[in-house]
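Down below is the structure, laid out as structure tokens.
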Amino acid sequence: MTFSVDKVRADFPVLSREVNGLPLAYLDSAASAQKPSQVIDAEAEFYRHGYAAVHRGIHTLSAQATEKMENVRKRASLFINARSAEELVFVRGTTEGINLVANSWGNSNVRAGDNIIISQMEHHANIVPWQMLCARVGAELRVIPLNPDGTLQLETLPTLFDEKTRLLAITHVSNVLGTENPLVEMITLAHQHGAKVLVDGAQAVMHHPVDVQALDCDFYVFSGHKLYGPTGIGILYVKEALLQEMPPWEGGGSMIATVSLSEGTTWTKAPWRFEAGTPNTGGIIGLGAALEYVSALGLNNIAEYEQNLMHYALSQLESVPDLTLYGPQNRLGVIAFNLGKHHAYDVGSFLDNYGIAVRTGHHCAMPLMAYYNVPAMCRASLAMYNTHEEVDRLVTGLQRIHRLLG
């Protein structure tokens, strides 16, 4: 199938609107991607004609809703090449998935004197849960430092592991720098030291194929809303043997086998024992539609288009005076920058006046901001629906801001 950005854009209603009297150039998909009509319609159709509470219902609507939900679990397992659909837990998003691992597996396996390794480029969602776990149990948090070019100082990694290392928690792709980490090398090293590996895939799964079996990671987590799906839904993958050993971290309906006031409670099997309460079934249906949509386009086709667009953007941005770019030349999805000494918020506000949506701030990565000694950065994201013309508008806008502000 030949990739056509014009055909893709036609599927996204919001891309036809104007902002401040100008066509919208949406360069903020790393924060949250827009939704195609196929996703919007699938979720709306479920609520119009198919909604019911899932699990245990004997009536037709409930049985059909349950089947649809479990079919999405199967589709998601194929999307990341898991061995079994029962290795996937529905979560609210990447943040909840990481917290689930920290509170279930972490509480059961990390003890005083143990250590967990993260990196200096992590999103707060892959820092704070581990800080909280370490504080609870008396463990140590170790950090892989950054290089100025936005890559990790991987030569330091072997020195961080020891017999007390329980986990390496690492981002697949940096949400600020676009750096893609060499996961196979890092995961192999971690396993040689007897440590498990959690991968934050929130910024990876929309850009190219992900194969959790080839990676051999123990945990992989991502969000639906960055993958052109709904908010409030994501996937946590856990190797089956690990998942079966993990205790539930939330209690309630749907995750129990039996409940007795005198004899206590027993749990249902994984993954359902990690899905307490009424699930976000509509969001799950929408996620399934998003997975179907990107799979039909072909992730390899998407990757080729986006990489060509990224190379074009980086070359064109060289013409902007006083522009500082952060991150390596080879990157995925995002371009972080500052313009002269102007605050990122000011630059972002000017761009918004030109109909260009970028993200400004610390991007939930304060340790990374501290490393570069800046309070904030602008970040332009490039997704499969962005165009060369939108890149040109960004470049022209930045040149104009430089002339105005000096």
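In case you wondered, yes, glycine gets a Cβ from its N, Cα and C as well.
Under the heading N6-(pyridoxal phosphate)lysine, Swiss-Prot lists Lys226. Residues or ranges marked as active site, cysteine persulfide intermediate in Swiss-Prot (evidence: sequence analysis): Cys364.
Cβ-based neighbour count (10 Å, all protein chains) for Lys226 (N6-(pyridoxal phosphate)lysine) stands at 27. For the recorded site, Lys226 (N6-(pyridoxal phosphate)lysine), the DSSP three-state label reads helix. For the residue listed as 'N6-(pyridoxal phosphate)lysine' paired with the residue listed as 'active site, cysteine persulfide intermediate', the C-alpha to C-alpha distance reads 15 Å. Listed in sequence order, His123, His124, Ala125, Asn175 are the same-chain residues at least 6 apart in sequence whose CB falls under 8 Å from the CB of the residue listed as 'active site, cysteine persulfide intermediate'.
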